[in-house]
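Here the structure is laid out as C-alpha cells; the discussion comes afterwards.
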Amino acid sequence: MDQKPLGLLTIHVKRGINLAIRDHRSSDPYIVLNVADQTLKTRVVKKNCNPVWNEEMTVAIKDPNVPIRLTVFDWDKFTGDDKMGDANIDIQPYLEALKMGMELLRLPNGCAIKRVQPSRHNCLSDESSIVWNNGKITQDLILRLNNVECGEIEIMLEWHEGAGCRGITSSSKGGGSSST
C-alpha cells in the first residue's frame, strides 16, 4: 500500500568543488540522487572539475530514516560512465529543526537554529548551519565525497509540505497541522 509522504525535500544542487579527473585533463560530471524508489539526475557539465549546476531536485520523503544517496559520475560517450565518488545526505538534524513548528515564528530572520559538525557519521566537510530565513528553514551543506581521491559537492536543503503530505510535526505528535 502506498504511504503518503511526510513532505517534499528540495535539494538545491549548487556546485562541485575539486572533483576528480577521469578523462585526460578534466571530467564531464553529473549527479544522481537516490532515495527509496526515486532516482533523479542533473545535467552533464562538460570538461569541468568545478562544475556549477544550480539545479533543484525534489523528492518525496515517506520514511525519514531511508538514506539519501548522492553519487557523482563522469559521463563517457563510448564507454560506461566512471564513478567519481558518493555521499549520504543526513537529513535527521534538519528534520529535528523542522519539528520546532510555531516556535520558529518568533525567531529573527537569518537566525541559525542548529549547527551540525562534521564527523565520521556524516559526510560533511565543514560545519553546516540550519537557518530560519524568510519564513523557511534551509540548510547549506558541503559534502565530502567518499570512495574517491578528492571532491566535494555543495547543496542546500529546503522542506515543503503540501496537499497530500502527512507533515513532519503530525508524524511525531499524531495529527498536528502546519501553516505557511
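Cβ atoms here come from the backbone N, Cα and C positions, even for glycine.
Sequence-distant contacts (6 or more apart, same chain, Cβ under 8 Å) of D23 (Ca(2+) 1 binding site) comprise K47, D74, D76. Feature annotation from Swiss-Prot assigns Ca(2+) 1 binding site to R22, D23, D74, D76, D82; the stated evidence is similarity to another entry.
Taken from Swiss-Prot, the feature Ca(2+) 2 binding site covers D23, D28, D74, W75, D76.
Per Swiss-Prot, the feature domain 'C2' maps to 1-105.
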Checklist line | Site of maximum Cβ density within 10 Å, from binding-site residues D28, D76 | finding: D28
Check: Which of these binding-site residues has the least crowded Cβ, counting other Cβ atoms within 10 Å: D74, D82?
Finding: D82
Note to self: Could you tell me the mean pLDDT the prediction assigns to the domain 'C2' (1-105)?
What the structure shows: 94
Checklist line | Among R22, W75 [binding-site residues], residue with fewest other Cβ within 10 Å | finding: W75
